């Protein structure tokens, strides 16, 4: 756009602030109170504050006076967004936009434009867009202008009117908030559908109630679009939040779980779950039956029916020994009946019945109720011969028979899937690191392929343990050794599990052509060593090496080939099966190195609500789920029973772990049972998981919370339900627990003989394979997909979303130092003379009494900690979708995160992602280059690379040495401090001479190609 050359002197620059979208929350409560501040030619105007709104709408006009319209093209319009902090009378930066004056046109040509908010500095955290309309006019209304930032001007009456209109606007906004949120969610949903249909348009902010506004036109910014906009989720903060609950734990009638001392005997060991009453029926065996075919026994209670296994007709005394459990909440009959049937006949041959009012109640830890013999009644009511051994009682889930019982809600489960719905406890195998040092070999028989030319042998060693295969490098030629005596001296690490059933197979190979590992590697000798014969060690003391004879398969061979190996089972390491950052166990493998336990972890898995339907069954209109929980801490895995056909399952199962280190993490996952139909090849579907760090829990307190289950899919983040847990950490010895904070995180051997990062990742993958293989052989099996999800097998895979999250975590850490630097700069600016004077006085006091500096710093830190104690977190941490940048992730980034490795996407997509990585790497490369240049300038001070600069620095050093020797240190520090804190009127805007001298020093950047 071009401006006219003529100027009437009445031109006004009008900036119409329409609204903003998807702003970053800065008030610490998941929201912001934004306002816009516009600066033009030393004129600064601002809009009203929109409290608690991340998608504010202003529709305000800010009018600026133009001194000379012909110079407008050389001016810049700065538009900044801030969050107002009413408590501290300060503000947080939300983003800014710079508009060149050459882009401002007349009113008839202007349209609303969408600008992406930019950062003010490298450490600024910015998100969102702002819609602005700017133009030049000569008929701007005075009433549309707003006051300046300093609030000068205007009478009290006008201020009252403005305050009244502001409050009315806020009330009107609150009334329309729910309708706006629904419209935003619907609009985002429609845009998502358009993107899925192939319309690669950019997502633009949606402003509801457009009929009450002026016509709004959103134009795209110039330049190429890399893809669709981010996936926006409205009002997800409350949906993904943690909720504190007060269940009736252990039958407590007070409603505060686990805090009341009035508990009955049955809740003494199950005080972290809600009591669930069951009717137990144990059918042991029968005798003196007159049957000629297979016999089954059936338990009937109202509409529920349970059938035992079939027993062969060869015996007249069949034995079942099965337990049936019926939930007391679903009992619809006053009588429980037990039938004895012959074969597949519908008619029974006899029955035994019990009145529910006469059934006793068993209270653990009493001994189990002894079964008794009962006469079997015929269909006509008489005695037909035969007896049935039965025991019937009422109990809770604390009963020993609960885990093995057939539950009434599993009546529709396939007979082959009954074993997969029971609760079980698993133990990970005891894992060791096997270290094999391949030193050398002697008298290796070189393979001759009949070639007339002399060939230098290329010998390498291949070692195999189970399905793990590692190779050494090719032995290099040495003038002091012959070709048949290769030398390697390499350490190879493997993961083995007890009991040791594998063998270490060492093979010496000669590469006669092709790449290493191909078909042209010819074995010239091999040896097998059982792992059970390998020496074990608990420290870093070296073990003896041994020579092993090689078998080359030729009995007539005149050579006695042998290989020199050193093997050891290293029990001083902790075999990592999880990432170190959230490991649940850090103890070494050798049990004699374990330290005594410091506490006890108890978890009550109560229930889940609002689970996402995972499957659809015939005869039902909606979806359903067969969910179970898996909790993992240390080597102990627990699996709850599967609640069939329910989106709000109740487990109420309690488990206990010994705690050896408080700085560990327990993981609880929820899955959908896919093996319930008898198909053992199906994979259990993940629903979500929760991690709880034990060090964040107070000892002795019962935490009852409902944790959101958040899963990231290829279409975005989704909440798949909530899981209700009760957690308690008990401390046996407080001194031992506090002492653990001073000990190393990993065992001693990780520091005396450390393993490389790449080696640890490879060993962790082998550990995962060993654990998954062992647990998949249990009954019911714990599938590999469950083990991988619980152990976070893919946490090291590149993800743009996770990279952003880690970057902003780093920015959040550095923001404290940046805040201190800003505070010092504010003191230097003397905008608040009183505070600056106090600051200078404190500085001079510390200079005069330097011995008080460290005590004051530590005392201040202690005071801050005591002050924050009353605001300490009262809830355990949980999965945070906002911290993970899952709410604002781009669809292309999600597609990249869920892509396979190697990639399976098309050429254009891969090229676009590669170009994006190159652009990011280019920025990182620039920052690293600048840092290297600063360090090289420091080195250039004394390197005489620039002789004049080095001469000036040496003269300065000599003068400074004499000066610092003659002048006291306190006086020197005081003078330099006062000089640095001098008021701005005594400063100049040019950089200091020392900084100018440093920037002129040479670096090695000019030597780069």
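Backbone N, Cα and C define each Cβ position, glycine as well.
As given in TrEMBL:
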- 1-115: domain 'C2' (DOMAIN)
- 145-183: region 'Disordered' (REGION)
- 171-183: compositional bias 'Low complexity' (COMPBIAS)
- 244-266: region 'Disordered' (REGION)
- 260-374: domain 'C2' (DOMAIN)
- 415-548: domain 'C2' (DOMAIN)
- 582-707: domain 'C2' (DOMAIN)
- 807-826: transmembrane segment (TRANSMEM)
- 838-867: transmembrane segment (TRANSMEM)
- 951-981: transmembrane segment (TRANSMEM)
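Counting residues 6+ beyond its ends, the transmembrane segment (838-867) has Cβ neighbours under 8 Å at 827, 970, 973-974, 977-978, 981 in the same chain. When Cβ-Cβ distances below 8 Å are used as the criterion, the transmembrane segment (807-826) is approached by residues 123, 125, 832, 835, 883, 885 of the same chain, each at least six residues removed from its ends. Listed by sequence, the residues of this chain that lie at least six past the ends of the transmembrane segment (951-981) yet keep a Cβ under 8 A from its Cβ atoms are 827-828, 836, 839-840, 843-844, 847-848, 850, 941-942, 997. Sorting each residue of the domain 'C2' (582-707) by its DSSP state yields 7 helix, 59 strand, 60 coil. Counting Cβ pairs under 8 Å to the domain 'C2' (260-374), the top-ranked stretch among 1-115, 415-548, 582-707 is 582-707. With DSSP classes pooled into helix, strand and coil, the tally for the domain 'C2' (1-115) is 12 helix, 56 strand, 47 coil.
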